[in-house]
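Pulled from Swiss-Prot, these are the features on record:
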- 13-33: transmembrane segment (TRANSMEM)
- 58-78: transmembrane segment (TRANSMEM)
- 93-113: transmembrane segment (TRANSMEM)
- 120-140: transmembrane segment (TRANSMEM)
- 153-173: transmembrane segment (TRANSMEM)
- 176-196: transmembrane segment (TRANSMEM)
- 216-236: transmembrane segment (TRANSMEM)
- 256-276: transmembrane segment (TRANSMEM)
- 279-299: transmembrane segment (TRANSMEM)
- 326-346: transmembrane segment (TRANSMEM)
- 363-383: transmembrane segment (TRANSMEM)
């Protein structure tokens, strides 16, 4: 439970920093700083190794490089949770997994209904299916102990399943032309990671070097480079036979949490959330992509997560999180519509970082996420007050009964 509390603490604090980074990006893009901001994002950085080198603008180093670190952390969390955490027990994963399925299907259907006549726009169908765990937990942190820990764990587990679905979606639907040569290099790296794991190698540097080479190979192969982070994480040992109490996976996960929560995600938000509001009019806001995205996040997510979860509980496939009620569960479902960084990331893959929709697509992500966050916060705060009032009323009734019994005696 200590690991879960630490995770929640990091993600919640990081969520607040994400909000600050988002506001900063919006201010930069919509003030006299806009030219400087855009030139800064286009600044090229080159890393060379002899005759080999990589030269990319800052925004791509962030989206392909830093986000690979984020997905590496997601991979570590997935492995740990499956082997000894919340995902180990089928009964514990049932409700979040079913809720995540609803949160994937319904938003995608809503987006499809709005964009089915435009094949290019339809490519962004996965944009409203994502949940930003850092932002969502950041909002939850504002409510403090009024939200049961069981609900926070439910949201965290649902978001992890959500991230797993995002990984599969990126691999299947957002991969460009493939390079057989680079895929072969990546395969050799995979074999090397497997060998390091089986031989019980304890050097983090060895895994880092092989992982870095694999990242470059995957980047050059046509498969999105972030997937290298996930795959590499699966080969990090969770324990060693001769030192069962030592875990390389947990050690790396612990070291990375702070860097990702307070560095990677805020930087990603700052370079991707710079939405220009100058060219966005009513026509753009009411365009199929914008409506499909905003309604997919705000309506689709809450309807999908709550309806699937509600049916799972009613048909006894899963149980309501301990100490919670259906209003609180609905509040969490609404909060799942905070797609923000993950939605922006999928948006950049779907539309190749173009401004084809005059920033209306990104603005829709921002609006859908903000409205979902605000509505979820209000619902959870309201349900917490009601629950406190009911508990107080029950205490008064119990005290009254006890007093009557004492008088009779």
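The backbone N, Cα and C atoms fix where each Cβ goes, glycine too.
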Among 13-33, 58-78, 93-113, 216-236, 326-346, which stretch has the highest count of C-beta pairs below 8 Å with the transmembrane segment (120-140)?
326-346
Highest-contact recorded stretch vs the transmembrane segment (176-196), from 13-33, 93-113, 216-236, 256-276, 326-346, CB pairs under 8 Å
216-236
Taking the transmembrane segment (326-346) as reference, the highest number of CB pairs under 8 angstroms among 58-78, 216-236, 256-276 goes to 256-276
At a threshold of under 8 Å on Cβ distances, which of 93-113, 153-173, 256-276 pairs most often with the transmembrane segment (58-78)?
256-276
Can you see whether the transmembrane segment (13-33) and the transmembrane segment (216-236) are touching - at least 3 CB pairs under 8 angstroms, only pairs 6 or more apart in sequence?
no
Can you tell me which parts of the same chain pack against the transmembrane segment (153-173), counting only residues 6+ beyond its ends and a CB-CB cutoff under 8 A?
4, 7-8, 11, 71, 74, 77-78, 81, 86-87, 92-93, 95-97, 99-100, 103-104, 126, 129-131, 133, 136-137, 140, 223-224, 226-227, 230, 305, 321, 329, 332, 335-336, 342, 346, 349
